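Student: Relevant sequence annotations retrieved from TrEMBL are reproduced here:
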type	residues	note
TRANSMEM	102-125	transmembrane segment
TRANSMEM	137-156	transmembrane segment
TRANSMEM	208-241	transmembrane segment
TRANSMEM	253-274	transmembrane segment
TRANSMEM	280-305	transmembrane segment
TRANSMEM	357-378	transmembrane segment
TRANSMEM	411-431	transmembrane segment
TRANSMEM	443-461	transmembrane segment
TRANSMEM	473-495	transmembrane segment
TRANSMEM	543-562	transmembrane segment
TRANSMEM	582-600	transmembrane segment
TRANSMEM	612-633	transmembrane segment
Amino acid sequence: MGKGEVVDVERGVVAEEALDDDASPIEEVWLTVPVTDDPSLPLPEPVLLLPHRAAHRHPDHSAGGLAAAGPPPRPPEFKAPALLGGGECSLNPGPFNMKEHVLVSIFANAGCAFSSGSAYAVMIVDIIRAFYRRSISFFPAWLLITTTQVLGYGWAGLMRKYVVEPAQMWWPGTLVQVSLFRALHGKGEEKEENTEGGGGGGMSQAKFFLIALACSFLWYAVPGYLFPTLTSVSWVCWIFSKSVTAQQLGSGMKGLGLGAFTLDWTAVSAFLYSPLISPFFATANILAGYVLLMYVIVPVSYWGLDLYNARRFPIFSSHLFTATGSTYDITAIVNDRFEIDMDGYHRMGRINMSTSFALSYGLGFATIAATVTHVALFHGKEIYRRFRASQRDKPDVHTRLMKSYRDVPSWWFYAMLALSMAVSLLLCTVLRSAPIANVCFKAYGYMSMSQAVSLLSDFKLGHYMKIPPKSMFLVQLVGTVVASTVNLVVAYWLLSSIPNICQDALLPADSPWTCPNDRVFFDASVIWGLVGPRRIFGPLGNYGALNWFFLAGAVGPSKTWIPMINLPVLIGATSYMPPATAVNYNSWLIIGIIFNFFVFRYRKLWWKRYNYILSAALDAGVAFMAVLLYFSLSTENRSISWWGTAGEHCPLASCPTAKGINLGADSVCPVVL
């Protein structure tokens, strides 16, 4: 035991005295995470079955983990006969405890691909069937999805000691769930006295959560079904209904989003997750990067410089275009061998992108280089020191408490890494067509990093909540495999049952099945696989100058900058755009600044007690209502039609402004003379 630890033998609780060396160096962690543990809490194996049904009920919803972390059930104790031999075994040896609840949430989180909505490689199946109009059999697709999901386990195992155990390595997203679990299981202080600068009125965290959840649940029926226009309130378009320029400026989904906002929590948290969990310094950097791109670089490039013939195309779009401004027909340049048809390509001409899409690629190049430089300049010595001293540094209180549990053997992670890499190499050899091989490579490369980060985040949650590492590993693994299977089944079902899915030109204006993420993924398969970067960013393409962004990103980070400036975060702020749009960022930034600057600074007691609880309640309420709306109305094709269900009412925002561009009789866009 470390210094200052006190053991209550009768209760089996290990507690920590409030010593300075036991306090977390991160204020948000110190305000949220308990420094106690009860190793006697049972973790029976049947708990693994509980979230299995939850994974089937909402495999695609991004708030699956938080929905599973809702009000805990209180199942009665009961016995079941043993399958072998005499006697009976207990399927529920005691009350549903907090650690079981954490494992249920972790399983559900794995079941929705770690809060990303669905497994990343499902998009490969989507673009093959919905965009390229080809087929892929179920078993290779299942292997592809499962191996991409599991590949990150090995890297996570290698990095646990460096990003989970150190106190300085904190994960803001995990604090939401820590607060929620403590509130629902009565582990936090039930009431606080009203103090100056505090607030909260003494309401318990559990009561606050239930009220906020109910409000979120009921309200989402409005933007989610009754009044979808509230998802993007683009009032500038309403005032200037016949002005292309005004709608380009004011559209929250197809333009720069000037003045646009949303009253739909799903639009706020869709891409950057909850703004309530982002530290203010990160929010400030994202704000700076967003303003720089959307309100400086894009307007100057579009209206001022007409960069890359920008005015021939929409100002903000994820589509690919011909030189005449019409949408590029990719099927016209794909031959029977699923490779580029050069004759068709020469007939169609070079591929063009909207200004915002092209600049997003350029900033992405800069972010890659800036990240390497920033880490080397600001954290290189720290990483080296931490690597050398990881075995010698004094563990913090949470790490000491976790010593009570047996760790996961390293060979488990290495075995999974070797197996998944072997299968991935086999699949990349079999799926050899240029666009699909490229996105498979991209999926394996990206998911090996993304899943590792997600797994490490959940391990950090288990670290804070004192969950045995082996239980964490098993729940994550089973949840991941179940999720891969369910995601694929649901994808096949949707692709087969919804006419013209992902084809926004053929869908009704208010259809939700436009697949914005799949569209961008498809574009990437064309740019990097089918056509190839040489014909886009090289000497045979239009966007070779974007390669200079690599150099700018590499030399940008400098120790002479303002300390709060994190250049990779700043210039990578808009990496989700597209498919993310201006309205997603506008409201996210406003809410993030309000809660993590003003409330955190001037109402810290309220922030401590309710900030993360509110975030969890908003996510969970939306998740429950989304499932209810889908199964009660969407599957029965019950819909309403009025002005408030017809989108954001900015039809001219996607129009080109160059002279002489005629998109045909079916287009609402005027021809500029």
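Yeah, the Cβs are placed from backbone N, Cα and C, and that goes for glycine too.
These figures come from a predicted structure and were not determined experimentally.
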Student: Could you check whether the transmembrane segment (612-633) packs against the transmembrane segment (443-461) - three or more CB pairs closer than 8 Å, residues at least 6 apart in sequence?
Tutor: no
Student: Test of understanding: applying the rule of at least three C-beta pairs under 8 Å (pairs 6 or more apart in sequence), is the transmembrane segment (137-156) touching the transmembrane segment (280-305)?
Tutor: no
Student: Sort out for me which stretch, of 137-156, 208-241, 253-274, 357-378, 473-495, has the most Cβ pairs below 8 angstroms to the transmembrane segment (543-562).
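Tutor: By the under-8 Å Cβ criterion, the transmembrane segment (543-562) pairs most with 357-378.
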Student: What else in the chain is close to the transmembrane segment (582-600), if you only count residues 6 or more beyond its ends and a Cβ gap under 8 Å?
Tutor: 231-232, 234, 251-253, 255-257, 260-262, 267-272, 275-276, 278-280, 283-284, 286-287, 290, 294, 316, 574, 576, 606-607, 611
Student: For the transmembrane segment (443-461), find every same-chain residue at least 6 residues outside the stretch whose CB is under 8 Å from a CB in it, and list them.
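Tutor: Hits for the transmembrane segment (443-461): 102, 106, 109-110, 114-116, 120-121, 123-124, 144, 147-153, 155-156, 159-160, 163-164, 169-171, 173-174, 177-178, 424, 428, 467, 469, 472, 476.
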Student: Which sequence positions outside the transmembrane segment (253-274), separated from its termini by at least 6 residues, show Cβ-Cβ distances below 8 Å to it?
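Tutor: Same-chain residues near the transmembrane segment (253-274) but 6 or more away: 62, 115, 173, 176, 216, 220, 222-224, 230-236, 247, 286, 294-295, 298-299, 314-317, 576, 579-588, 590-591, 615, 618-619, 622, 626, 647-648, 650, 653-654.
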Student: Given a Cβ distance threshold of under 8 angstroms, which distant residues of the chain, six or more beyond its ends, lie next to the transmembrane segment (208-241)?
Tutor: 70-71, 180, 183-184, 200, 247, 249-253, 255, 257-267, 510, 581, 583, 609-610, 613-614, 616-622, 624-626, 629, 633, 640, 643-650, 652-653
Student: State the non-local partners of the transmembrane segment (137-156) in its own chain: residues 6+ outside its ends, Cβ under 8 Å from one of its Cβ atoms.
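Tutor: For the transmembrane segment (137-156), the list is 113, 119-122, 124-125, 413-414, 416-418, 420-421, 423-424, 427, 430-431, 440, 443-444, 447-456, 459, 476-477, 480-481, 483-485, 487-488, 492.
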Student: So which residues does the transmembrane segment (357-378) touch in its own chain, when a touch means Cβ under 8 Å and the partner is 6 or more beyond its ends?
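Tutor: That would be 289, 293, 297-298, 301, 307-308, 316-318, 523, 537, 543, 546-547, 549-559, 566-568, 571-572, 574-575, 577-578.
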